[in-house]
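Input: a single structure, listed below in structure tokens.
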Amino acid sequence: MSNSVKGEIVKIAGPVVEAVGCEGAKMYEVFRVGDEGLIGEVINIESDRATIQVYEETTGLQPGEPVKGTGELLSVELGPGLLTQIFDGIQRPLPEIRKEVGDFVERGILVSALDRKKKWEFTPKVKEGEKVEEGDVLGTVPETEFIEHKIMVPPGVSGEVIEIAADGEYTVEDTIAVIEDEEGEEHEVTMMQEWPVRKPRPYKRKLDPEEPLITGQRVIDTFFPVAKGGTAAIPGPFGSGKTVTQQQLAKWADAQVVVYIGCGERGNEMTEVLEDFPELEDPRTGRPLMERTILVANTSNMPVAAREACIYTGITMAEYYRDMGYDVALMADSTSRWAEALREISGRLEEMPGEEGYPAYLASRLAEFYERAGRVVCLGSDDRVGSVTVVGAVSPPGGDFSEPVTQNTLRIVKVFWALDSKLADRRHFPAINWLQSYSLYLDDVEKWWHEEIGGDWRELRDEAMEILQRESELEEIVQLVGPDALPESERLILEVARMIREDFLQQNAFHEVDTYCPPEKQYEMLKTILHFKERAEEAVDKGVPVDEILKLDVIDDIARMKVIPNEEAKEKIQEIRKKIDEQFEELIEEAS
């Protein structure tokens, strides 16, 4: 560790400390601050004066205490052992800290992110004498039962393998390969890499997002899909279901790895994730969900400055698994708290405030974060494809979508799931407002739906959206004159719209079947509701009153479609469609 830069504190303003005598300090270098050695990062340099953002509580620091440079940028450790772990905002493992110091995190404590003693079973994939380039897989480690951790050549290293470890157990610090580059320099490679959090990890090229990220939530997958490698935002007022929606996505999204960042939200929400995930089963592998999850917990009672770092810590770990060729989903709950941390630090630095006190660079910082999402061809000669999908929750004060964080986020992301407190008050969950939300990935994922699920998926989805829009137009008339004054065809539209809302869009996150709805079942359900509409319109044209149609008992069967077990769904829903045909034929016969 290079301790070349040493200075002393002259000013303390909350989490921001100024020190003099820091010639030679680098931007974003990690410093140990004060006698307790608090962790901080240089965010501004003027001649020998460095401004340091401290990631721990600064109470009790005094001017005159020393600061020391470590010579390293704020980095994360990447290697086997990240999955199932829970870190704080600067990648210190909380369970390990608890073992060392008890329930409360002591200031200045340093614990390695990866366990240095644990041995991992390594299987080599290259031989001595082989040529490798950056990103090539040197060997694999079974990190969990279903995630094979690929040990890759670090970015910036290529050449000939002159040594490779045999099959066996090694720690993350043991050398598992030696690579000689063209200049004849030897590079020792361990299972662990370090990477600066503010620097995106490199890749060969970006690809178009074409495949949807299946979440099992009907309103998302069918109406407002997000693609693998896409970006989405969930803004909503308090109590509208942001965190439950985020947790549902973390539980059921068909990504192989999930990074869940609790950024400035309540501690008990992270506790809920910690309690639920080990018990919940991944529908694709049958293993506990925790085995594919990394948690970054930086709750509201932790120091503000570390909130700013936790988003970068999370996305760097997500990019590392993307580089192995995995699909990764990253949930950030909530980016508003992150923006508030930026605002506080900007205020302490006495910078010129922008709109609502946020710094003028808020938009570019948000864009830097969301731009690290994407579906890419990874480094390496085998052209692996990996993706990072980013879903950010936004908590606008009072549910006001015109505030700066929401507006800047909407300029960047392609999917907008607008949570509506009116729907939440009516107990309609997920409370995603179908009239305000949108997805710009519809055209990209259409091909996948048509090839994998059903050729008329887009037509069904667009027809259902039209019905819901028509309902909102009719609602004003209904409030004035009541539904009985409407013509029969429009009363029918209201009934079908009610079916779409209650029997399709509403979904119970706490019901064992309804919590996850596979795309095949979503398609069959929507097709059945629209088939009912088609037959009902035919009946109305032949003189059958809508009141008679509403007495059909098949309407109850349609309402119960969502709780049909997923493996039996296709058959049973097709039977309901037959029943619709039979009951309408009887009705039309009676009317004629």
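Along the chain as shown, the residues are counted starting at 1.
Cβ from N, Cα, C; glycine included.
Listed in Swiss-Prot:
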BINDING   G236, P237, F238, G239, S240, G241, K242, T243  ATP binding site
Shell of the ATP site beyond G236, P237, F238, G239, S240, G241, K242, T243, same chain only (C-beta within 8 angstroms of their C-beta centre): S395, L419, S421, A424, A431
Winner by Cβ contact number (other Cβ atoms within 10 Å) across the binding-site residues G236, P237, G239, G241: G236
Least buried by Cβ count (within 10 Å) of the binding-site residues S240, T243: T243
Cβ neighbours within the same chain of K242 (ATP binding site) - under 8 Å, at least six residues apart: I234, P235, G236, D333, S334, A393, S395, L419
